[in-house]
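Listed in TrEMBL for this protein:
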{"type": "DOMAIN", "residues": "49-99", "note": "domain 'Cryptic loci regulator 2 N-terminal'"}
Amino acid sequence: DDRGEIDYMAKITVEKPRSLYWRKKIGAFLTHYLKSMDLSREDRNPLAYHLAHFPSNYRLYEHRTGNPHDPTIHTYLYGSRNGYRFRSPEEFYPHAAWL
């Protein structure tokens, strides 16, 4: 913009650390969730599992704003049919369990 600031969304690919962080958190939640429903046959360590990828049509993005040399970065997961964005793995947990 005219002030030299940025404001854009960038897709986070699966090999990026931020993607792995989200997938580990969601995988640990789902492992714990399935254990609590007694759907897991083994005693599994929730921290040992992560999602290989996000569900179909779900994509992780960074929203970068402000100074291009020191931007403010927020991460969002998009893909819900109702257009909702998830701002954290924890916010996605109920939806992941529903899926």
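Placement of Cβ uses the backbone N, Cα and C atoms for every residue, glycine included.
Annotations in TrEMBL come from automatic prediction, not curation.
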Helix-strand-coil residue split for the domain 'Cryptic loci regulator 2 N-terminal' (49-99), DSSP-based: 10 helix, 17 strand, 24 coil
Confidence summary (mean pLDDT) of the domain 'Cryptic loci regulator 2 N-terminal' (49-99): 94
